[in-house]
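One structure is given here, and the rest of the page talks about it.
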Amino acid sequence: MDIAIIGASGYAGGDLIRLLLTHKEADIVCATSRKLAGTPVTKDHIHLKNLIDLEYSNPDIEKIDADFAFLAVPHTAAMQYAGKLKECGIKTVDFSADYRLPREIYEKTYGVKHSDYFKAPYGIPELHRKDVKNADFVANPGCFPTGATLAAAPVAKLAHTIIYDSKSGVSGAGDSISETTHFPNVAENILPYKITAHRHLPEMRQEAAFLESKANVYFTPHLLPAIRGIITTAHILFNEPMELEMIQKLYQDFYKNEHFVRLQPAKLGGVRGSNFCDINFELENDGTRLVAVSAIDNLVKGAAGQAVQNMNIMCGFDEAEGLRMPGMFP
Ligand SMILES: NC(=O)C1=CN([C@@H]2O[C@H](COP(=O)(O)OP(=O)(O)OC[C@H]3O[C@@H](n4cnc5c(N)ncnc54)[C@H](OP(=O)(O)O)[C@@H]3O)[C@@H](O)[C@H]2O)C=CC1
Ligand SMILES: CC(=O)N[C@@H](CCC(=O)OP(=O)(O)O)C(=O)O
C-alpha cells in the first residue's frame, strides 16, 4: 500500500517512518517537508540512512499518488490538508488535535476558528475500535490523553474524581527549540507547566464521558529530563470503598484481548520505542483511592505507533503489523 507522510521531517513523522519500514504492507512513496523539499529524508533523519531512499517533497496534496496518508503536522496546519485528502479518497490518520474534539470545544481550547471541520473517530483503538474500523479519517489522540485514559478506563465509571499527574519526555514538544526545552532548563529538573489548563484536558474529559464516567477530571503535566516517554499517575477517587479483587478483575477483563496494554509495573524502560502501554495500580488501605500508573512512549503509543495501529484497523491488516518491536531496555 502506497503511503504519504505529510510532515515527515518532524519527530513524530520520523518515528512513523521508522515503524513503517518494518510494515509488510507499507511502501512510503511521499514524505513532505517544506524546509527540506528536494533533499533526502536521511539528511535530517540520519538514523534511517541505508533504510529509505526518498527525497522530501512539498505538501502538494493534489499531486500525491498514495492509498493512505498520515498528517504529522501541527494543529491548525492539519485542517489545511485534511479535506483535500478526503476529496482525493485517501484514507488518513491525523496526528494533530484538529479533529479530536467537537468544533466548539476545539475552537475554545485552541483559540482559533476551525476552517474545515468534520467529525472523525477518536483513535484510541482500545476504546473506539469499531468506529476506527469503518472510518476513512481518524483523529489520533494526544499523547497525554492516551496514557491517562488507558490508566483509568476500567474504573472511570466508578469514580467521583480523577486527577491525572503526568510526566513527559521533551520530544513531546516536537523538534523546535524553546526556552522551556533548553537543556539547562530541563536537566536535573521536573518542570510543571500549564498546571490547571493544559489543552489536553478536554480530550481526557471527553473520554471519561465516553466511558460513562461522571467524574470531575483534572490534569497537570510536567516536563521530565528524558527524551521519550510519559508516566501518568492517575488518582481515582471513589465514593464507596472498593475491594482490590474487584478492581483487579475490572482491569483484567477490560484489557484481556488488548495486545498493547500490559498489566505490569509502569516504567519508561519497559515501553521506550514500543507501542505498549504498561499499567499497574495500588488501592489505598481504606479502598477509596486507586492510584493507577501508566507508561507509554509519547512518540509511539502516544503518536506514530497508535497511528499505525489505527491504519491497520482501517485497512483490515493485523493490528500489530509494523508494531512488533519490543521496548528498548536499558
Ligand atoms: N511529539 C510528540 O510526542 C507528539 C506529537 N503529536 C502531534 O504530531 C504532530 C507533529 O508533531 P511533532 O513531530 O512533534 O512536530 P515537529 O515540529 O517535530 O514536526 C512538524 C512537521 O510538520 C511540518 N510542518 C509544520 N508546519 C507545516 C505546515 N503548515 N504545512 C505542512 N507541513 C508543516 C514540519 O516540516 P516543514 O516545516 O519543513 O514543512 C515537520 O515535518 C503534531 O500535530 C503534534 O501535535 C502527537 C502526539 C505526540
Ligand atoms: C512535552 C510537551 O510539550 N508535550 C506537548 C503535548 C504533546 C503532543 O504532541 O500533543 P499533541 O498531539 O496534542 O500536540 C504539550 O504539552 O503540549
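From the backbone N, Cα and C atoms, a Cβ is placed for every residue, glycine too.
Fair warning: this is a prediction, and the values are worked out from it, not measured in the lab.
TrEMBL has this to say about the protein:
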ACT_SITE  Cys143  active site
DOMAIN    2-135  domain 'Semialdehyde dehydrogenase NAD-binding'
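For the domain 'Semialdehyde dehydrogenase NAD-binding' (2-135), the model's pLDDT averages out at 97.
Following the DSSP three-state reduction, the secondary structure of the residue listed as 'active site' is helix.
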